[in-house]
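Peer 1: Just passing along the structure, written as structure tokens.
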Amino acid sequence: MGEPQGSRRILVTGGSGLVGRAIQKVVADGAGLPGEEWVFVSSKDADLTDAAQTQALFQKVQPTHVIHLAAMVGGLFRNIKYNLDFWRKNVHINDNVLHSAFEVGTRKVVSCLSTCIFPDKTTYPIDETMIHNGPPHSSNFGYSYAKRMIDVQNRAYFQQHGCTFTAVIPTNVFGPHDNFNIEDGHVLPGLIHKVHLAKSNGSALTVWGTGKPRRQFIYSLDLARLFIWVLREYNEVEPIILSVGEEDEVSIKEAAEAVVEAMDFCGEVTFDSTKSDGQYKKTASNGKLRAYLPDFRFTPFKQAVKETCAWFTDNYEQARK
């Protein structure tokens, strides 16, 4: 059972990003409970790399619960270039948020990690016990170590103060309100933008890399529903992987084909193998999640891709790109 319900003020950092917008939608569509007040904030409300601004935000909101999504993020090529920036900014953000939550007496914090935190050299499938078993992939070590430190801090806050600070580890998230920037975005939104442009220009589609790497994609609206479950019901300090099953892993080539199909693209598709593939796979086990929620139903991948492509086309002018 989760902790007792009652009046709650839930602060969501990174509230205007991909996952924050998905949680907003799911709450607005009926997932919110009586007695819950949801407060979504973005970098416009406070610079969370600044301790004083973060403290002021927490003093003002006085959250009983926090979903911590705010982070400096970017795709593979941006990470390779700016490892120091990713390390410093994220360490500052995370320390400021967790300590401000502690100072105002927040009852529970759920932070968002990433599967890139896992050791580069590992056995598959990855599970929650393996986080600290070796160094992460060298391409984005700054971001990965900063995210790992959230787990270290959560354990320390529990050991020293008894705080219920925990974290979730989603696999590759995609959906409406993603960053569709081709240079800086993640693989699926980048593909969606590329297909849109190729279709508009009547040109060929070039996919970066060989198309062979495999990923577990999770639709942002499914992840939002799981985040709300974690907030209410999951009381371990140890993190939990939020992912589709291993059998639902798809190759980048298959992902590209799903986007091509969803957008009715009829042009030529080529793969540029001179571009880096990143990690070949990072298959994660969702065994722990399934032990808690054996009947949770994920949106089928092709349907989720179709909905995301439709959102991007309908909101092309406003979309982050």
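Cβ from N, Cα, C; glycine included.
Pulled the feature table from Swiss-Prot, pasting it below:
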BINDING   GLY14, GLY15, SER16, GLY17, LEU18, VAL19, GLY20, LYS147, PRO170, THR171, ASN172, VAL173, HIS186  NADP(+) binding site
SITE      SER114  site 'Important for catalytic activity'
SITE      CYS116  site 'Important for catalytic activity'
ACT_SITE  TYR143  active site, proton donor/acceptor
SITE      LYS147  site 'Lowers pKa of active site Tyr'
BINDING   LYS194, TRP208, ARG215, ASP277  substrate binding site
Peer 1: Just name the winner among TYR143, TRP208 (the recorded positions) by count of other CB atoms within 10 A of its CB.
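Peer 2: Top count of Cβ atoms within 10 Å goes to TYR143.
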Peer 1: Give the number of CB atoms, excluding that of ARG215 (substrate binding site) itself, located within 10 Å of its CB.
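Peer 2: There are 23 of them.
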Peer 1: Tell me whether TYR143 (active site, proton donor/acceptor) sits in a helix, a strand or coil according to DSSP.
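Peer 2: Its secondary structure by DSSP: helix.
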Peer 1: Work out how many Å separate GLY14 (NADP(+) binding site) and ARG215 (substrate binding site) at their Cα atoms, rounded off.
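Peer 2: Approximately 24 Å lies between the Cα of GLY14 (NADP(+) binding site) and that of ARG215 (substrate binding site).
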Peer 1: Taking the Cβ of LYS147 (site 'Lowers pKa of active site Tyr') as centre, how many other Cβ atoms lie within 10 Å?
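Peer 2: The answer is 26.
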Peer 1: Would you mind sorting out which of GLY20, LYS147, PRO170, LYS194, TRP208 (the recorded positions) have a C-alpha within 10 A of the one on SER114 (site 'Important for catalytic activity')?
Peer 2: LYS147, PRO170
Peer 1: If we check Cα distances from ARG215 (substrate binding site), which of the recorded positions GLY20, CYS116, ASN172 wins as closest?
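Peer 2: Result: the closest of the recorded positions to ARG215 (substrate binding site) is ASN172.
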Peer 1: When you rank PRO170, ASN172, HIS186 by Cα distance to LYS147 (site 'Lowers pKa of active site Tyr'), which of the binding-site residues ends up on top as the closest?
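Peer 2: If we rank PRO170, ASN172, HIS186 by Cα distance to LYS147 (site 'Lowers pKa of active site Tyr'), first place goes to PRO170.
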Peer 1: What recorded positions in the list GLY20, CYS116, TRP208 lie within 10 angstroms of TYR143 (active site, proton donor/acceptor), counting C-alpha atoms?
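Peer 2: Passing the 10 Å Cα cut: CYS116.
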Peer 1: Using C-alpha atoms, which one of the recorded positions CYS116, LYS194, TRP208 comes nearest to PRO170 (NADP(+) binding site)?
Peer 2: CYS116
Peer 1: Indicate whether ASN172 (NADP(+) binding site) is helix, strand or coil by DSSP.
Peer 2: strand
